[in-house]
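As annotated by Swiss-Prot, shikimate binding site applies to Ser14, Lys15, Ser16, Thr61, Asn86, Asp102, Tyr215. What Swiss-Prot lists as active site, proton acceptor is Lys65, and the listing cites sequence analysis. The NADP(+) binding site annotation in Swiss-Prot covers Gly126, Ala127, Gly128, Gly129, Ala130, Asn150, Arg151, Thr152, Val153, Ala154, Lys155, Met213, Gly237.
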Amino acid sequence: MDRYAVFGNPINHSKSPFIHTLFARQTQQLLTYEKIEAPVDDFVGSIRRFFAEGGKGANVTVPFKEQAFQLVDQLSPRAKLAGAVNTLKLTDDGLLLGDNTDGAGLVQDLKYHLEELAGKKILLLGAGGACRGVIGPLLEQRPSEIVIANRTVAKAEQLAQEFAAMGKVRVSQFAELNESFDLIINGTSASLAGAMPDIPDAVIGSATVTYDMMYGSKETVFNLWAKEHGAIKTIDGLGMLVCQAAESFAVWRGIRPGTRQVIRELRRNITGA
């Protein structure tokens, strides 16, 4: 039976085995999928052992996505753009292919909820790896502009320069934001700590939708704040998690599983409802 895994540290919380088991059942694919906690100082060794022992493919999560980018023999165009790899595949000729499905997963989930991203004015909060991985796929949807806001502007400016050729991208400090947006995406990890990015209320207009890349058993702090300030819709990152997993599954197996039923089952699993 073909063997797959997700590598991270910590990894105990990962829902990837749950998701991929449902995908395999749905598509009638025979495979196993496990979680492996790689030592922080030996990610490369863990990956090499896994593939030497017959592994076919893997997902990579925090904090190893940049290391995976350096490790592979080949990079997909979207992995090159993202500067990080979250999906590894052993090709038929024994090469390790690196891909990045995060941005595609976000866009798929956004389009399910919003249908259209073209012409939208988007605010992206944060300039770390999570944000970098989604800017290219977002710009491919032709929004009117993306504003990258970060506590330190230098990191945001570097990102904006890298993606400037793909569309209109500008930067702002959190405190300087004084306009409203159609869509606000929280790519900071503040929600994990139950905290809020330090942004003014003015970013929420009469038709603002917010999307937090984080998720949990309850609504995230960021989405609760957005709702209190008049956001017309709030979405968490559970759909992105499942959609990027479906994209990885398609890279490995050549078949794309449906996501909506899996999202519902995962939501039940997380909330206990």
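Cβ coordinates are placed from backbone N, Cα and C, and glycine is handled just like the others.
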Distance from Ala130 (NADP(+) binding site) back to Asp102 (shikimate binding site), taken between C-alpha atoms, in Å: 8
For Gly128 (NADP(+) binding site): DSSP state (helix, strand, coil): coil
Neighbour count (Cβ, 10 Å) for Arg151 (NADP(+) binding site): 15
Recorded shikimate binding residues, Ser14, Lys15, Ser16, Thr61, Asn86, Asp102, Tyr215 - maximal Cα separation rounded to whole Å: 19
Nearest recorded site to Asn86 (shikimate binding site) by CA-CA distance, among binding-site residues Gly126, Arg151, Val153, Lys155: Gly126
DSSP three-state assignment for Val153 (NADP(+) binding site): helix
Thr61 (shikimate binding site) in three-state DSSP notation: coil
